[in-house]
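Q: So TrEMBL has the following annotated:
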BINDING   A:57, A:125  Mg(2+) binding site
SITE      A:95  site 'Interaction with target DNA'
DNA sequence: GCGACAG
DNA sequence: ATCTTGTCGC
């Protein structure tokens, strides 16, 4: 069912899924066990690299207990859509702040595995390092797949920030106390910033550069807009 | 104990 | 995330 591409540093995703936690205590233990495998020492692919940037997103129908995920691949140079894939499944975990990954990742892995090419970068809805235990959705997905990942969130979660300057590209630190866990990034003039954090194998500067480049026309990156639209369609026809 | 809380 | 109409503005 889940066939993940051959990536350096990847984990046995099928094992991870077989031992998927069923309660919050188990889930937190999984995060604590996997967190040391996050790699924060790589700059990550440079904007315009030769490969694909893949956006992933998930939509839910709690009444039917159905979840649909989408993965949309854009050419990193032209930002043209070159591939897309979807997957549907059962809801595997409730929404608990701090444990979002356990709700989203199984179906996202299914969708990712149906892409024709290995992504060069995966853009997630949500957070990576900016997480109570420094292991958000983007970091978790990165560690399981071995792929470079970043998180782009629409809300500051529990973190603090001063509003970035008014111009497109302005940033300000996203803070957990005194620690910078990500950045608020103004992607368009006159709109609320988005909140960028690193997931796995990507530095914060490049994470922001990719996000800004992907958000040339709207507040949110094209990757997440495309994935959001596709997973809703997949849910409607599931 | 109470409120806050990615999606 | 999701429930949901019209409406203000470019």
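These residue numbers are counts, starting from 1, taken along the chain as shown.
Keep in mind that glycine also has a Cβ here, set from the backbone N, Cα and C atoms.
Nobody curates TrEMBL annotations by hand; they come from automatic prediction.
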Q: Just how many other Cβ atoms lie inside 10 Å of the Cβ on residue A:95 (site 'Interaction with target DNA')?
A: 12
Q: Whole-number answer please: how many Å between the C-alpha atoms of residue A:125 (Mg(2+) binding site) and residue A:95 (site 'Interaction with target DNA')?
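A: Their Cα atoms are separated by 14 Å.
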Q: Determine, to the nearest whole angstrom, how far the Cα atom of residue A:95 (site 'Interaction with target DNA') is from the Cα atom of residue A:57 (Mg(2+) binding site).
A: 15
Q: Just jot down the residues in the same chain as residue A:57 (Mg(2+) binding site), at least 6 apart in sequence, with C-beta under 8 A of its C-beta; none if empty.
A: A:69, A:70, A:125, A:224, A:227, A:228, A:230, A:231
Q: Just to be sure I understand the packing, how many Cβ atoms besides its own are within 10 Å of the Cβ of residue A:125 (Mg(2+) binding site)?
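A: Neighbour count, Cβ to Cβ under the 10 Å cut-off: 24.
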